[in-house]
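Undergrad: First the structure, then my questions, so here it is.
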Amino acid sequence: MENGGSKGDVPEDANAHCPGTQSEEAGKADSCAGCPNQQICATAPKGPDPDLVAIAERMATVKHKILVLSGKGGVGKSTFSAQLSFALAEMDHQVGLLDIDICGPSIPKMLGLEGQDIHQSNLGWSPIYVESNLGVMSIGFMLPNPDDAVIWRGPRKNGLIKQFLKDVDWGEIDYLIVDAPPGTSDEHISIVQYLQATGVDGAIIVTTPQQVSLIDVRKEINFCKKVGVPVLGVVENMSGLRQAFSDLKFLKPGATGETDATEWAMNYIREKAPELLSVVACSEVFDSSKGGAEKMCHEMGVPFLGKVPMDPQLCKAAEEGRSCFVDQRCSASAPALKSIIRKLIKTG
């Protein structure tokens, strides 16, 4: 599809001959009729943005900026963002985690920061700190009630993202991890435009193995290519279930329903086959028969960073807002995540 806008300002799903989001004709030209971005483009401010200077000054103290993206929701993107931030902080890096998922901010819970409030100083908004070298910013800290729905149109979302970049005092940090909402909509266009002048290291894209997720990941990769953001790699999350045999629950089906047979089964195993208690049970939850993310990366020419198995202990760590690396409980997922993070650090 050919578009009329300059490289980096044409949405991935734009109509042919798109004038570009920064054009005075954006949302108004004949070619804009029927485009899903028409209303956003027509109402967004055009021309040089004076706030970009303030953003550039604020981002000058940030060495590396990494976006964490996903084509669709529910693939574990925020869990990955949280654990990536924990891991980098535990490597003695200074880390900031910015949550720009305005309508679904889950980062405060995943870092154990629910109920915290943002404070202001003469330097700007202060991040909420998990540790002295791991700060977090999210709209979740601004909601009077965590159950409140954020019902905002695009321009208001974009305004808050700009304010996060312009007003949050991160200080001198090594990494700013940006947890974005799923898809390729206005938040993604905004974060890229606001950070373009300061440089973005690239994007990590999180997916699951099944085709319904990979279809959307291909769009995410094409979005990154069109807006000039390097793809650092793709992570295949929930890549099969891995669970210690001793943690399994057993049910016995019957005419009146299911009954818990865990105690009976475990006693039987201890008596007849105790060696099974040290085995890890594996199951392919999603269909990966067509090659999963690794094959898709080969076809699209982007790096494949690795697979993270579905680990109930990792889910529990996310629910409890803690790192999966501090003990041996996440024995299936923590080594996989560490391997992926080592690749990122080495590549970077």
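Cβ coordinates are placed from backbone N, Cα and C, and glycine is handled just like the others.
Where the annotation comes from TrEMBL, it is an automatic prediction and has not been curated.
Residues annotated as region 'Disordered' in TrEMBL: 1-29. Under the heading [4Fe-4S] cluster binding site, TrEMBL lists Cys18, Cys32, Cys35, Cys41. Feature annotation from TrEMBL assigns ATP binding site to Gly71, Lys72, Gly73, Gly74, Val75, Gly76, Lys77, Ser78.
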Undergrad: By a 10 A CB contact count over all chains shown, which of the binding-site residues listed here is most packed: Gly71, Gly73, Gly76?
TA: Gly71
Undergrad: To the nearest whole angstrom, what is the C-alpha distance linking Gly74 (ATP binding site) and Cys18 ([4Fe-4S] cluster binding site)?
TA: 31
Undergrad: Compute the mean position of the Cβ atoms of Cys18, Cys32, Cys35, Cys41, which form the recorded [4Fe-4S] cluster site, and then list in sequence order the other residues of that chain whose Cβ is within 8 Å of it.
TA: Pro11, Ala14, Asn15, Pro19, Thr21, Ala26, Gly27, Ala29, Ser31, Asn37, Gln38
Undergrad: Starting from each candidate's C-beta and looking 10 angstroms out, tell me which of the binding-site residues Cys32, Cys35, Cys41, Val75 has the most other C-beta atoms.
TA: Cys41
Undergrad: Give me the non-local Cβ neighbours of Lys77 (ATP binding site): same chain, 6+ apart in sequence, Cβ-Cβ under 8 Å, ordered along the sequence.
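TA: Listed in sequence order, they are Val68, Leu69, Ser70, Asp179, Ala180, Pro182, Val206.
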Undergrad: Relative to the Cβ position of Ser78 (ATP binding site), how many further Cβ atoms are located within 10 Å?
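TA: So the Cβ neighbour count for Ser78 (ATP binding site) comes to 27.
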Undergrad: Count the other Cβ atoms sitting within 10 Å of the Cβ of Lys72 (ATP binding site), across every protein chain shown.
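TA: Total other Cβ atoms inside 10 Å, all chains included: 19.
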